[in-house]
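The next block holds one structure in the form of structure tokens; read it before the comments.
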Amino acid sequence: MPSRRRGPSRQQLSRSALPSIQTLVGGGCGNGTGLRNRNGSAIGLPVPPTTALITPGPVRHCQIPDLPVDGSLFFEFLFFIYLLIVLFIQYINIYKTVWWYPYNHPASCTSLNFHLIDYYLAAFITVMLARRLVWALISEATKAGAASMVHYTALILARLVLLTLCGWVLCWTLVNLFRSHSVLNLLFLGYPFGVYVPLYCFHQDSRAHLLLTDYVVQHQAVEDAASNVGSLTRSKDFLSLLLESLKEQFNNSTPIPTHSCPLSPDLIRNEVECLKADFNHRIKDVLFNSLFSAYYVAFLPLCFVKSTQYYDMRWSCEHLIMVWINAFVMLTTQLLPSKYCDLLHKSAAHLGKWQKLEHGFYSNAPQHIWSENTIWPQGVLVRHSRCLYRAMGPYNVAVPSDGSHARFYFLFHRPLRVLNLLILIEGSVIIYQLYSLLRSEKWNHTLSMALVLFCNYYVLFKLLRDRIVLGRAYSYPSTATDSRQTKLPLSSEGELR
């Protein structure tokens with residue numbers, strides 16, 4: 001028989017047609033699970049480094065305009081006026097006259113039972129509410145400086161007179177309250193201070209960590225700052241911690257940090273930690289001051305009402321909740337301005353996010369071992385702490401198992417999330433107050449809703465103005481923050497090649 005020319009064998013076809021293993025899996029064999037044989041053991045092959053396959057695009061940030069923000073003194077003045085208005089409303093809800101009084105009764109000639117009001121308590125509450133305004137006034141006068149010795153002396157004397165007057169009024173009201181009320185009622189006067197001490201005095205280390213670095217770009221600056229951790233976070237006695245916390249509490253002009261668009265993953269994580277500590281401190285200030293204001297404005301007057309005095313408990317408690325929500329929104333708007341939220345958004349864009357995957361999925365996809373010195377692109381699979389994760393952001397330097405990094409990215413990767421939440425809260429309050437105003441039949445309900453609505457309209461106007469301007473600003477195409485990121489790739493150690 002004539003011999004046929006046989007073609008290449010199946011084994012030769014598979015060897016010549018299929019690409020190399022290194023091309024299929026890239027850097028996965030050396031940095032992850034790689035390929036495995038039938039026995040389950042990994043096949044060790046020389047593969048290129050992980051960063052040869054990682055080319056994340058540059059992080060792009062939008063440029064937002066500088067929106068006007070109320071000054072510290074102006075905001076404290078408006079906030080103090082608002083608290084006085086809601087305090088007056090609460091006294092109307094408690095001490096309004098009722099219809100069953102006889103005509104010849106003294107209270108029937110007036111709208112309020114003025115003879116039942118404790119004026120010492122009202123003066124004490126007013127002084128406590130004015131503490132931030134007084135300190136803001138002193139701080140602004142101190143920042144202005146003194147042009148001459150006479151001006152400096154007058155400034156010192158005015159500060160001394162103002163603080164002495166506030167202290168004297170506070171002591172005078174406390175002495176008279178001690179004479180006319182029981183010890184149980186007087187305990188309500190200092191209850192917020194009992195919450196203040198453990199809340200602020202025992203958590204100063206995280207605040208001191210914020211002062212380690214001002215978001216520097218160079219590695220050497222971070223190393224120098226890290227060497228000073230011991231000196232900044234050394235143990236202090238209780239009195240010094242209390243004085244520092246009180247100083248921070250009264251100091252309302254908290255500076256806004258800056259964003260440096262760092263290239264190193266360590267610097268990005270360090271910036272996120274500093275911003276996270278600063279954000280937690282601001283939220284703590286917002287919660288404490290809003291609860292403090294609502295407590296002294298709406299709750300403390302109820303504690304000193306005589307047992308024979310009738311008032312609408314449901315309406316007074318509803319007023320308490322409204323005061324707390326409005327104070328929370330006002331303080332949040334002041335302490336978390338649009339520039340600060342944009343700073344958090346930029347840092348979250350550099351941080352990235354990891355999604356945890358179930359075992360068994362993506363078993364044939366290339367996987368890598370997570371490295372803290374690598375910037376991971378979107379969609380890459382890594383293994384960390386015996387778990388599989390997938391990169392979700394354009395840049396990903398977050399620790400996959402760190403829940404605080406995931407929460408930070410969730411809150412701030414959308415720049416308008418905080419602003420939309422505040423608008424939703426304030427809008428819901430205004431809609432409910434309008435509904436209550438339409439349904440109200442008593443004069444005190446109508447007056448209280450009308451006065452509070454005027455204050456809420458101003459807050460909602462500022463929020464909607466910022467939302468419209470920022471919404472249009474973020475809709476424009478982003479610009480690359482640093483052209484060096486597109487020209488100089490990163491090595492496996494996080495440095496420029």
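Positions of Cβ are set from backbone N, Cα and C atoms, glycine also.
According to Swiss-Prot, the feature N-linked glycosylation site maps to ASN31 (among others), an assignment based on sequence analysis.
Here Swiss-Prot flags ASN39 (among others) as N-linked glycosylation site.
Among the features that Swiss-Prot reports, N-linked glycosylation site is placed at ASN251 (among others).
Among the features that Swiss-Prot reports, transmembrane segment is placed at 72-92 (among others).
The annotation transmembrane segment is assigned in Swiss-Prot to 110-130 (among others) on the grounds of sequence analysis.
Outside the transmembrane segment (155-175), and at least 6 residues removed from its termini, the chain residues within Cβ reach (under 8 Å) are 120-121, 123-124, 127-128, 130-131, 134, 137-138, 141-142, 146, 189. The transmembrane segment annotation in Swiss-Prot covers 155-175 (among others) and is backed by sequence analysis.
Per Swiss-Prot, the feature transmembrane segment maps to 182-202 (among others); the stated evidence is sequence analysis.
Annotated transmembrane segment per Swiss-Prot: 285-305 (among others), in sequence order, evidence recorded as sequence analysis.
Marked as transmembrane segment by Swiss-Prot: 317-337 (among others).
Residues annotated as transmembrane segment in Swiss-Prot, with sequence analysis given as evidence: 418-438 (among others).
Feature annotation from Swiss-Prot assigns transmembrane segment to 444-464 (among others).
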Please report, as numbers and ranges, the same-chain residues at least 6 past the borders of the transmembrane segment (72-92) whose CB is under 8 Å from any CB of it.
111-112, 117, 122, 125-126, 129-130, 132-133, 136-137, 139-140, 252-253, 293, 297-298, 301, 316, 319, 323, 326-327, 330-331, 334, 444, 447-448, 451-452, 455, 458
Return the stretch with the most CB pairs under 8 A relative to the transmembrane segment (285-305), choosing among 110-130, 182-202, 317-337, 418-438.
317-337
